[in-house]
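Undergrad: Below are the features listed in Swiss-Prot for this protein:
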- His15, Glu18, His108: Zn(2+) binding site (BINDING)
- Arg57, Asn64, Arg65, Glu171, Tyr281: substrate binding site (BINDING)
Amino acid sequence: MSPPVSQVVVVGGTHGNEMSGVCLAKHWLQDPSELRRKSFTADILLANPIAVERCVRYIDRDLNRSFSHELLSASASESDSYEVKRAREIYQKYGPKQSSLNFVIDLHNTTSNMGTTILLFKGDNFALHLANYLKTKCVDPSFPCHILLIDIPEQGHVHLQSMGKHSISLELGPQPQGVVRTDVLARMKVLVNSSLDFLDLFNQGTEFPSFEAEVHQVLHKADFPRGADGEIQAFIHSELQDKDYLPLKPGDPIFQRLNGDDILYNGEKLIYPVFINESAYYEKKVAFIATEKKHCFVPALKLQN
């Protein structure tokens, strides 16, 4: 059983060039009526306003990697980056972590062909119920729903969504950085409204039965092949491009050199790559993220009296 949800925050602009969340946050700041439900009204947060103004991912560092306990609790300094200062401002408003803030919905876009990806922390059964509700109620073959688990110890949580006791990030793509695609924008709007509907139904006593969830769990991150100078020597193969969440077998091509030579996947087992050729991950030296598909039992969810 879980207590009622009272404080919900919808976040856009955590990355300033991911335009679906930016546009929706700006719209709802002007007219929040769509965020009102019988049992609560969601707050709206434009997380990184300077990055939004400049239409860049971040100013000094990734805001979505700036919510560690160490950064949030450290003494302020003039040398602190803009994003660290902004993370502390958000923490001051909504913190401490996982206390009064019941649910965070953080809105993101990806250049990868990720459809509707729902990121949540492993063990957050409340968020899994919400994800299952979205998969059931928001069926769209153009943007199939996938659940991607963030499987790291709580003390290692650095994402903005970790401010909430429960949370999801909606990662929709493909969409180029700094660009608005109306199909992606409309899809995200539907998903946010359906998420708020779920939370309102829960508050009004709707019980959600147990189920078995299909999830993807991260195995490792794969970098591009690089030379001694650190330069990329081969790129995502055309047969892998846009194949997020599809099985990759040992021997399948993953990279191609400029001379046309293929580099094959030499792992020992089947994997499911995600964030394939994600533009923002070039600086992180990530060509794709390898995941495995798993099934987990999620117990029933009901309101705590």
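Note that the numbers count up from 1, one per residue, in the order the chain is shown.
Yeah, the Cβs are placed from backbone N, Cα and C, and that goes for glycine too.
Because the structure is a prediction, the values reported are computed rather than measured.
Help me see these features in their spatial surroundings.
TA: There are 25 other CB atoms within 10 A of the CB of His15 (Zn(2+) binding site), with all protein chains counted. For the recorded site, His15 (Zn(2+) binding site), the DSSP three-state label reads coil.
DSSP assigns Glu171 (substrate binding site) to a strand in the three-state reduction. A 10 Å cutoff on Cβ-Cβ distances gives Glu171 (substrate binding site) a total of 24 other Cβ atoms nearby, all chains included.
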Undergrad: Listed binding-site residues are Asn64, Arg65, Tyr281; which of them have CA atoms within 10 A of the CA of Glu18 (Zn(2+) binding site)?
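TA: If one measures from the Cα of Glu18 (Zn(2+) binding site), no binding-site residues come within 10 Å, so the answer is none.
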Undergrad: Using DSSP reduced to three states, classify Arg65 (substrate binding site) as helix, strand or coil.
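TA: The three-state answer is helix.
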Undergrad: When the Cα-Cα distance from His108 (Zn(2+) binding site) is computed for each of the binding-site residues Arg57, Asn64, Arg65, Glu171, Tyr281, which gives the smallest value?
TA: Glu171
Undergrad: Taking His15 (Zn(2+) binding site) as the reference, which of Arg57, Asn64, Arg65, Glu171, Tyr281 (the binding-site residues) have a CA within 10 A of its CA?
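TA: Cα filter at 10 Å returns Arg57, Asn64.
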Undergrad: Reduced to three states, what secondary structure does DSSP give Tyr281 (substrate binding site)?
TA: helix
Undergrad: Looking only at DSSP and grouping its letters into three states, which state does Arg57 (substrate binding site) belong to?
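TA: Going by the DSSP assignment, Arg57 (substrate binding site) belongs to neither helix nor strand, so it counts as coil.
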